[in-house]
Amino acid sequence: MSDFVNNFWSNYIAAGTVLSILGCMLLLWLTARKRVPSDADNTTGHVWDEDLREANNPLPMWWIGLFVLTIFFAVGYLVVFPGLGSFSGQANWSTRSEYEEDVAKATKALAPVYASYASMPMEDIAREPKAMAIGERLFMNNCSQCHGSDARGSKGFPNLTDKDWLHGGAPEKIVETITKGRVGVMPPMAVAVGSQDDVKNLANYVLSLSGAPHDSVRAGLGKSKFTVCAACHGIGGVGNQAVGAPNLSDKIWLHGYGEAAIMQMVNAGKHNEMPAQEGRLTEAQIKLLASYVWGFSNPATGP
Ligand code: HEC
Ligand code: HEC
């Protein structure tokens, strides 16, 4: 137990445990020894509810036997298993080592399954029902909390089932995304754009790129301001996967749609992160997952 910085708590807990066991023994011994004086009819003289009287019979032997057994069991348990402070027990058992053994066993049992996909192209794995069943479970356990169980994402978390990619949708790009993670950074740009009125004009120009309803006078005024944005989002706002800048000329919005949402992006910027999975998942698992994700936007085209 490395989180104990000194022995105080360990000793405190161990002493408490030993004392309570000794206390049980003492209690048993005292009750066996001491007789409460009783009246001639073997009652203690206490009377409740007018005629309810307390008899003074000794504890039944089976009950004492069980009590003694639990004490022996407790002592035996504390010798074998961890329980006395930081003493790890003779058997050296811990929930962590049990878990690690289970994981190692499962990894070994699954190794031949993954091995059969090692040399297979990811496009083919995506058509393999058994591999996709594994992919689905991996996705549910590791990805669905952010991307949704249907992988359609939500605000800030990209939809993985469409053909709109921030970082690229080729199988090896998806592997790269999952393995190393991704960081999408849009700096606050208001200063570069000008006044809030300029930002509003620019937002209307951005809306015009995808043919969304907009104020065309404002869009016309905002157009020239887009030069600072084009460095990342490309001329015409078509996006740039090298820096993870989204396409602004489609109707897909990661951070919300409309004038206010775009002005918010320009004013405040955004730092968005996909956590790296290397270290959490094996290379083989990542390959299956990437094939599973790729399959969403590249469904089989009939037999
Ligand atoms: C903690 C939340 C979180 C988890 C868990 C997570 N992701 Fe992501 N993922 C994100 C975010 C946020 C982005 C967008 C990054 C950006 O804005 O550049 C992203 C981006 C991606 C992309 C790139 C999409 C594109 O358009 O290029 C892929 C592919 C992806 N995730 C797959 C996965 C897979 C597979 C898993 C499971 C192993 C997973 N993600 C787990 C948050 C998460
Ligand atoms: C340094 C590169 C960079 C510059 C410059 C930049 N952006 Fe971005 N922008 C990004 C990135 C990266 C994202 C995606 C953030 C993420 O991963 O969530 C983004 C996201 C956005 C979004 C959200 C898109 C969506 O789908 O919800 C809007 C709108 C946007 N930018 C508009 C602009 C405008 C307007 C400008 C110019 C004032 C601009 N950006 C300048 C990199 C940039």
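Using the three backbone atoms N, Cα and C, a Cβ is placed for every residue, glycine included.
Annotated features, as they stand in TrEMBL:
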- 12-32: transmembrane segment (TRANSMEM)
- 61-80: transmembrane segment (TRANSMEM)
- 130-210: domain 'Cytochrome c' (DOMAIN)
- CYS143, CYS146, HIS147, MET274: heme c 1 binding site (BINDING)
- MET186, CYS229, CYS232, HIS233: heme c 2 binding site (BINDING)
- 217-297: domain 'Cytochrome c' (DOMAIN)
Neighbours of the heme c 2 site MET186, CYS229, CYS232, HIS233: Cβ within 8 Å of the Cβ centroid, same chain, sequence order. MET189, ALA230, ALA231, GLY237, ALA245, LEU248
Which binding-site residues from the set MET186, CYS229, CYS232, HIS233 have a C-beta atom lying less than 6 Å away from ligand 1? none
Return the member of MET186, CYS232, HIS233 nearest to HIS147 (heme c 1 binding site) in space, with distance defined Cα to Cα and candidates limited to these binding-site residues. MET186
Euclidean distance between Cα atoms of MET274 (heme c 1 binding site) and CYS229 (heme c 2 binding site), Å: 23
Express the distance between the Cα positions of MET186 (heme c 2 binding site) and MET274 (heme c 1 binding site) as a whole number of Å. 15
What remains of the binding-site residues CYS146, HIS147, CYS232 after requiring a CB under 6 angstroms from ligand 2 is CYS232
Using the CB centroid of CYS143, CYS146, HIS147, MET274 as the heme c 1 site centre, which other residues of the same chain sit with their CB within 8 A? SER144, GLN145, GLY153, PHE157, LEU160
By Cβ distance under 8 Å, which residues at least 6 away from the ends of the transmembrane segment (12-32) in the same chain are close to it? 59, 64, 67-68, 70-71, 74-75, 78, 83-85, 87
My understanding is the cutoff is Cβ-Cβ under 8 Å with a sequence separation of 6 or more in the same chain; which residues meet that for MET274 (heme c 1 binding site)? THR177, GLY181, ARG182, VAL183
Expressed in Å to no decimal places, the gap between the Cα atoms of CYS232 (heme c 2 binding site) and CYS146 (heme c 1 binding site) is 25
Please report how many Å separate the Cα atom of HIS233 (heme c 2 binding site) from that of CYS146 (heme c 1 binding site), as a whole number. 25
What average pLDDT is reported by the model for the domain 'Cytochrome c' (217-297)? 96
Around the Cβ of MET186 (heme c 2 binding site), other Cβ atoms found within 10 Å total 20
How many neighbouring Cβ atoms, not counting its own, are there within 10 Å of the Cβ of HIS233 (heme c 2 binding site)? 22
